[in-house]
Every structure is written in structure tokens, then in C-alpha cells.
Amino acid sequence: MGLLERMRKEWFMFGIVLAIAGAKLEPSVGMNGGPLKPEITVTYIAVAIIFFNSGLSLKTEELTSALMHIKLHLFIQIFTLAFFPATIWLFLQLLSITPINGWLLKGLQTVGCMPPPVSSAVILTKAVGGNEAAAIFNSAFGSFLGIVITPLLLLLFLGSSSSVPFTSIFSQLFMTVVVPLIIGQIVRRYIKDWLERKKPPFGAVSSSVLLMIIYTTFCDTFSNPNIDLDKFSLIVIVFIIFSIQLSFMLLTFIFSTRSNSGFTPADTVAIIFCSTHKSLTLEREKLSSQIS
């Protein structure tokens with residue numbers, strides 16, 4: 001397989017590398033307040049495009065069927081909002097006696113308390129043929145739950161109180177997730193035959209939007225000149241995050257593929273991505289409020 005053919009087939013992976021490299025070279029372009037205005041284009045427009053795209057591509061019966069899959073929803077929400085943060089807390093008790101930077105450990109616990117991602121879990125589930133409808137429901141439902149549960153988890157595990165702009169986040173989620181999904185479903189009714197005949201590249205559109213989210217996230221990271229961390233702590237924490245991610249993905253795979261689990265292979269894909277990934281978009285909004 002030639003290089004160009006490989007790049008065409010694995011364009012998303014190459015896109016991630018280019019997005020991170022571009023963010024490193026000129027972070028001011030995609031940082032908050034920069035020319036791309038990610039606080040608007042990503043937080044609102046990009047997420048709305050993803051869910052409009054999903055509403056357009058999914059059959060109404062698939063969404064209805066996913067809504068009734070209570071066992072799957074309970075598994076994902078309990079894992080991501082209870083098991084995940086509790087396990088991280090236990091693990092950090094061991095790491096607290098090491099020389100790893102304490103703020104990095106607190107950051108890891110904070111991320112562990114976040115709800116499922118609004119967009120990336122849906123895109124990744126769709127990309128590998130998983131239960132996209134279930135991923136949509138759990139991403140949206142988990143984000144709404146996170147408005148209430150995440151501050152309580154932060155208080156429990158970090159002893160920090162947080163003031164969350166409930167109305168602002170709720171309205172943002174409703175306008176960027178629920179409304180675009182409904183509009184996509186309505187539009188689908190009128191162009192259903194055309195969609196089935198032409199089969200537009202819905203997956204490629206959503207993946208491209210995710211690359212934009214990744215790019216602007218790294219722009220924000222690289223644009224912060226005040227990050228003063230020792231290399232040891234940084235390297236170790238990256239290894240820890242990688243290990244935790246793989247371990248949790250393996251754990252959810254094992255539990256969801258048992259003979260008596262009642263989950264299909266497509267359900268397993270949704271479970272893996274929704275249970276083990278944490279919010280990128282909402283995290284900014286929630287942590288922008290003062291945590292004292």
C-alpha cells in the first residue's frame with residue numbers, strides 16, 4: 001500500500017497529528033479569543049453540526065429503540081459518573097506519596113469527575129459502526145446529569161465547592177444538542193429518499209468537526225505561557241492517563257461482551273467510548289466558574 005493510499009485511508013489519524021502540530025506552531029489562531037473564535041465556533045456551531053448531522057443520518061426508529069435500552073444507559077452513567085471518579089480517587093491516594101506534581105493529580109481527579117463527552121464519543125462510535133443512537137442519548141443525558149453531579153463529585157473527592165451556571169449550561173446543551181438533533185430528524189423526513197440514494201459522507205463530516213475541536217483544544221493548551229511543570233511529572237502523568245484509558249476501555253469491553261450481558265457488538269462500541277471518555281467542551285464551561 002502506497003503512502004498516498006495509506007494517508008487517504010487513515011486520514012483522520014494523520015489529521016490529528018497535523019492538528020496538534022498546527023496548534024503548536026501558531027496557537028494564537030485557535031485559542032479562545034483568537035481569529036477562529038472557538039468559544040463560539042466550537043462550543044456552539046461545531047457541536048450543533050455534529051448533532052444535526054446525526055439527526056439527519058439516523059432513522060427515527062433507531063433513536064426510539066436506543067431510548068428504551070435502559071440497561072445500557074445505566075451501565076454507562078454508573079461507570080462514568082460513579083465507578084470512574086471513585087477508582088481515580090483510590091489510585092491517586094497511592095500517587096499522592098510520589099513526587100508527581102500535586103496540581104496534576106488534582107487535575108486528573110477533576111477530569112475523572114466530568115460527564116461523558118458531548119461530541120467525540122458520538123463521532124468515534126459512528127466511525128467504527130457502533131450504536132450511534134445510544135451514544136447520542138448517553139452523551140446528552142450524561143452532560144445534563146453532569147450539571148448537578150459533577151460539582152458534588154468535586155466536593156466529595158477534592159473538598160472544593162463549585163458554582164455552576166446551571167441555566168447557562170442547560171440552555172447551551174439544549175440549543176447545541178437537542179434542537180439540532182430534532183431539526184436533523186425533521187429535515188430527514190423530507191429528503192429521506194435522496195439520503196438513501198446518495199449516501200452523504202456523514203462520518204467524514206463529523207470527524208472533520210472533531211479535528212477542529214482537537215485543534216482548538218491544543219491551541220488553548222499551547223497558548224498558556226504560565227505552565228510550569230517539571231518534565232518528570234508531565235511524562236509520568238501522560239503515561240498514567242494512557243494506562244487508565246486503556247485499562248478502562250478493556251474493562252468495559254470485558255463486562256459488555258459477557259455471554260449474559262445482553263449487549264450487542266454495536267452496544268459494546270458505544271459503551272467503550274461513552275463510559276471511558278470525558279467531556280472536552282463542557283469541561284471548559286464548568287471549570288470557568290470559580291472553584292474555591
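A Cβ is built for glycine as well, from the same backbone N, Cα and C atoms used for every other residue.
Per TrEMBL, transmembrane segment is recorded for 41-58 (among others).
The transmembrane segment feature in TrEMBL is assigned to 70-91 (among others).
Under the heading transmembrane segment, TrEMBL lists 103-124 (among others). For the transmembrane segment (103-124), the list of distant contacts is 46-47, 50-51, 54, 76, 80-81, 84-85, 87-89, 92, 95-96, 130, 132, 135-136, 138-140, 142-143, 145-146, 149-150, 153-154, 157-158, 173, 176-177, 203, 206-207, 209-210, 213, 229, 233-234, 237, 240-241, 270, 273-275, 277-283, 286-287: same-chain residues at least six beyond its ends, Cβ to Cβ under 8 Å.
The transmembrane segment feature in TrEMBL is assigned to 136-157 (among others).
Cβ atoms under 8 Å from those of the transmembrane segment (169-188) belong to residues 43-44, 47-58, 60, 63, 118, 136, 139-140, 143-144, 147, 195, 282, 285-286 of the same chain, restricted to positions at least 6 beyond its ends. The transmembrane segment annotation in TrEMBL covers 169-188 (among others).
If you look up TrEMBL, you'll see 200-218 (among others) marked as transmembrane segment.
According to TrEMBL, the transmembrane segment annotation covers 233-255 (among others).
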* What stretch in 41-58, 136-157, 200-218, 233-255 has the biggest tally of Cβ pairs under 8 Å against the transmembrane segment (70-91)? -> 136-157
* Structure fact -> With the greatest number of Cβ pairs under 8 Å to the transmembrane segment (200-218), the stretch among 41-58, 136-157, 233-255 is 41-58
